[in-house]
Amino acid sequence: MNKFGIILSHTYLSRVKAKSFLITTIITVLFIFLAGNMPSILSSFGGSGGEDAGQRVAVLDETGEVFPDLRNNVQNTGGNVTLQRYEGSEAEAKEEVRDGTFDGFLNITMPSGEPQAAYFSMQGNPSALSQSLQQALQPVKVNMAAADAGVDPAVVEQLTSPVVFETSALEQDQGAQSAEEQNSARGIVYVMLFLLYLSVIMYGNMIAMDVANEKSSRVMEILVSSVSPVTQMFAKIAGIALLGLTQFGIILAAGYVMLQTNQNQLTGGVFQYFGLQHAEAGTFIYAIIFFLLGYLLYATLSATIGSLVSRTEEVNQLMAPLIYLIMIAFFIAIFGLNSPDNMLVTVTSFIPFFTPMIMFLRVTMLEVPIWETALSFGLLIGTIILLAMAGARVYKGGVLLYGKSNSLKDVKKALQLSKKE
Amino acid sequence: MTLTLDHITKTFGDTTAVRDLSLEIPEGEIFGMLGANGAGKTTTFRMIIGLLEATEGEVYWNGGRMTYAGSGMIGYLPEERGLYPKLTVRDQLIYLGRLRGMKKADIVKELEGWLERFQVPDYIDQKVEELSKGNQQKIQFISAVIHQPKLLILDEPFSGLDPVNVELLKQAVLDVKKMGTSIVFSSHRMEHVEELCEHVCILQHGQPIVHGSLKEIKRSYGRKNLRIHADFDLGYLKEVEGVVTFADVPDGCVLQIDREETAEHIFQKLQGRGFVRRFELEEPSLNDIFIEKAGTSYE
């Protein structure tokens, strides 16, 4: 195996075998299972306290005109709510709610020929139950008012049915996409933004820590004497990338298993929500390319930063500006999700540090001219090459640099150390 | 395989760490590099292994320039410990050995042999941070020689070791030399250098002030030390022609004389004064030479 391979596999294996990797992966997987099963977990904790788990509401209807329609409406919504006509007094009903016989008590009065309701339960604030009761009561009231005014029920239905409203773009090449396409694009951009953001923060930090560790233990002096710094740096970056893929792979597999075993309304819902069903192959290819380039850019910077500090404690301090960069990119992208054609989004999509997120957003949500995409790619790749070259030199010089770090001055010193004078 | 340093100079900003240093290190010999702290020893070593680039001049290995392709031929023991604290001795050396182009099975075999030799075979599965400083140094030494380099650079290999371990390591260095390895070696301790090296170079402020084979240096230095232990007062010898310095020691004195004939002259002057228990003509020590040349005491 060549030296690149040796360093790559050493970086990867020593990390994969570490306890911290195992623990963070297990915690993430547990979290996914927990989140996936949230509805069933919640329902097993919540409920009325009765074994039947249904909710019972006492209804005191002084005229008796409202109750039948109301019960129909409630039943039609399909909830697990039972309405019971209550014959006793208001005070007695409240007492029974306190006892726990009923979950709530609805008092319907007809002060001026129209129904009015008062809802009593042990919680004062609006609950899902009170809202569904209110929704069920609304059409009853409308129907009664209409009947009073002598309006045909068919007319009422016409009046209350929602308007048909569709949006669609006239011409694709105008830079617009249909609403459905945009929604699906938005989902992919979301996924991509989070993945890139997390990767840069997690794995970028890991790279910087790894380099700083080698430096503080002075093993670096031996490494640099046997392998060129460029090989070392990129082998490390690739090793950590592989580690990230492993971790994402495990998490995705866990998520898939969870969806499969959890055969309820959730299955497919996740994909639908993120619009992944409608995504085109081209989008995925863009996602992969932008992700890799973005990772490479930030990983190179991280390795350079790691080589500048002399103690691992100083890593976080120097990593902060880099994290600000990715955060700015992230927030501009989140903003851009709602207005991808904004000037700010257009301009920042050409700044290499922001390109992986923002240009991806534009490419996915708009029809971007090919030259713009090509230009941003060129700028991004050029920056990566420049940073890698500078990084390798700083890396070589930084290895021999000890003492309190003072970022910018150190870069200068490190560069001096690495060159002839 | 010879190592040649051809007029190398290294400057860092305004300071010159090494100035116009030319050395020839013959194959299979131990070359001693001496100098006070900050004299430029470590900088020179770093230029030899390519960690730093010389501002002027070149380093040649066997007539060519050094590249990473040849890194398997070089062994390096840095001044400070350079090991992964969290890795076990085995994993550590497997990694470092493979980077020098060795196969895993060979590394383990060699490692076991070396640990046996250093009387620490149980350490193979221990983490380096759990070992004492002296034992870490043994591991560091093994990592520098395990791949049987053609050129071995030892920067202060004996610092922090007890006398027993110094002896152990010294013997190991001599054995490595027998395999035909050229060794460049720096130390604070003059006696280690005198014991091990055929050739030396004394650096001061980045410049070589003495350079050549140890025997040659001592011969050309001319002056010798004369140790006399006698029952009578020797103070009058200060006045003898050819005596450079005079130092009282218990039981007698140590004189530095300009050449061997002076010793004969003094020998005659001692006749008839009383009993002389010791009269010994010594080679000058490196320390003497260093003091003379550098004008300051070494330690």
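Placed from the backbone N, Cα and C atoms, the Cβ positions cover glycine too.
Caution: TrEMBL annotation is automatic and unverified by curators.
Predicted, not measured: the structure shown is a model, and the values here were computed from it.
Taken straight from TrEMBL:
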- A:19-391: domain 'ABC-2 type transporter transmembrane' (DOMAIN)
- A:21-42: transmembrane segment (TRANSMEM)
- A:188-212: transmembrane segment (TRANSMEM)
- A:233-259: transmembrane segment (TRANSMEM)
- A:284-306: transmembrane segment (TRANSMEM)
- A:318-337: transmembrane segment (TRANSMEM)
- A:343-361: transmembrane segment (TRANSMEM)
- A:373-395: transmembrane segment (TRANSMEM)
Per the Cβ under 8 Å criterion, with at least 6 residues separating them from its ends, the transmembrane segment (A:373-395) contacts 211, 229-230, 232-234, 293, 296-297, 300-301, 303-304, 307-308, 349-350, 352-353, 355-356, 359, 363, 411, 414-415, 418-419
Quick one: do the transmembrane segment (A:233-259) and the transmembrane segment (A:343-361) reach 3+ CB pairs under 8 Å, ignoring pairs fewer than 6 apart in sequence? no
Apart from its near flanks, which chain residues at least 6 from the ends of the transmembrane segment (A:188-212) lie with a Cβ under 8 angstroms of it? 11, 15, 220, 233, 236-237, 240-241, 243-244, 248, 274-276, 279, 283-284, 287, 290-291, 294-295, 298-299, 301-303, 305-307, 309, 311-312, 314-316, 318-319, 322-323, 326-327, 330, 333-334, 337, 356-357, 360-361, 364-365, 395
Other parts of the chain folded back onto the transmembrane segment (A:318-337), taken as Cβ under 8 Å at six or more residues beyond its ends: 186, 189-190, 193, 196-197, 200-201, 204-205, 208, 298, 301-302, 305, 308-309, 344-345, 348, 353-354, 356-358, 361-362, 365, 405, 407
Against which stretches of its own chain does the transmembrane segment (A:343-361) lie, if we need a Cβ under 8 Å and a gap of at least six residues from its ends? 189, 192-193, 196-197, 286-287, 290-291, 293-294, 297, 325-326, 328-330, 332-333, 335-337, 368, 372-373, 375-377, 379-380, 382-384
